[in-house]
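Input: a single structure, listed below in structure tokens.
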Amino acid sequence: MHDIPLDVLLSFPLPNYEDPEERGPALVIVNAIFIFLVCVTVGLRIYVRVRIKRWLGSDDAFIVLAFVCTIGVTVLLTLANTRYGWNRHVYDIPFHYAEDALKIGYASKFLFMFAATFTRMSLLCFYYRLTHNSGISWFNWLLHISSIFVVSICISYIFANIWLCSPIEAYWTIPPKPGSTCLDEGIITLVLGIINCVADLLVTILPIPIIIKLHMPIRDRIGVIVLLSLGLIVTVAGIVRTYFIWKSLIASYDRSWYSYPLWIAAAVEIDLGVICASAPALRPLVASWFTYVHSAVSNKATEHRSASTELFIYSSRFRKLLMHSNSTTGSTLPSQSLTLVAQSVDESTGPDLRPQLDELEHGVTERRYEVQTRNIRSSDDSHINYNSR
């Protein structure tokens, strides 16, 4: 609040420290969800590289550094929101909280920039490896220039914030000490925010033309392009963050209130950056998972076809038994047959019908033998009666 004009301070309502208006827990919830996704994604990435690929590259080292910085931003933003009043109006923040809140904001800006830079460098290292043996020298030079550009943005951001106030502690000292000066934080942060968006877009679209020309199957090329294009979501988040930079640091003096969506957008931007940068590395894991699912589905289909074939055999045996039973006995099979037919309707969950069919076939055979024996006896009796006459 050290750069808020006196007339603006006098226009603020009286502070309400007991029951102030608050933004709510949105920032904490968003941070919790996205940091969980980041942890899962980075964990799976390291698993793929260590257990499946069995090697780690420079892009993995950079993404781990980005992950550490992202964790730091999440912790600081959660702490500032729950303890130091970042979800309140600026005039409802107690003075003994204001300095600590400004220190947290100051540290968060550096961690944010480091996280964004390490994420971009991870992607650039991935591009280096992707085109290492392609023989396209001009693209390697383009990668060199892009790397220098990304590092230059980070250095510029660091020095711009270090020199923002003289002395440095004047940034968080309230009231300001005599002789201390600060530059316009809103303009500087807005310009750096726009440059960040340009860097995000550049790193996202940089490899697309060269991937199209690589000797890869069309499906693989489309898959890689789609994965890399996820970075456009990061660019959109950066644009949203830049808008709220203007809204909170230039268009209003109620910075804590209007910076609330700014910090949400910042957290989403770096979290999505890490997730999207790790997406191409998860491709082997996704491929193995699809292979497993396809195998499971194929096995299920094979089992279903086997069950259908077996049921057809059982049905054929049943019809044969029925014909023999009717022809030899002159009667139909007992109710057990009907039960068997009912059970054979359910192909997938019905019991094994072989024992019942074997038992039924044995019963029919015995009945057939009894009928034949009875017929023979009747024939003998008739022959004896005929001779006696």
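Think of each number as a place in line: the chain as shown, counted from 1.
A Cβ is built for glycine as well, from the same backbone N, Cα and C atoms used for every other residue.
Feature annotations, courtesy of TrEMBL:
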- 26-48: transmembrane segment (TRANSMEM)
- 44-287: domain 'Rhodopsin' (DOMAIN)
- 60-80: transmembrane segment (TRANSMEM)
- 110-130: transmembrane segment (TRANSMEM)
- 142-164: transmembrane segment (TRANSMEM)
- 187-212: transmembrane segment (TRANSMEM)
- 224-246: transmembrane segment (TRANSMEM)
- 258-282: transmembrane segment (TRANSMEM)
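Per-residue confidence over the domain 'Rhodopsin' (44-287) averages 89 (mean pLDDT, predicted model). Note: the stretches the transmembrane segment (187-212) and the transmembrane segment (26-48) are not in contact (fewer than 3 CB pairs below 8 A, sequence gap of 6 or more). When each of 26-48, 224-246, 258-282 is checked for Cβ pairs under 8 Å to the transmembrane segment (110-130), 258-282 comes out on top. Residues of the same chain lying 6 or more positions beyond the ends of the transmembrane segment (60-80) and with a Cβ under 8 Å from any Cβ of it are 27-28, 31, 35, 38, 42, 45-46, 49, 86, 101, 104-105, 107-108, 111-112, 114-116, 118-119, 121-122, 125, 263, 266-267, 270-271, 273-274, 277-278, 281.
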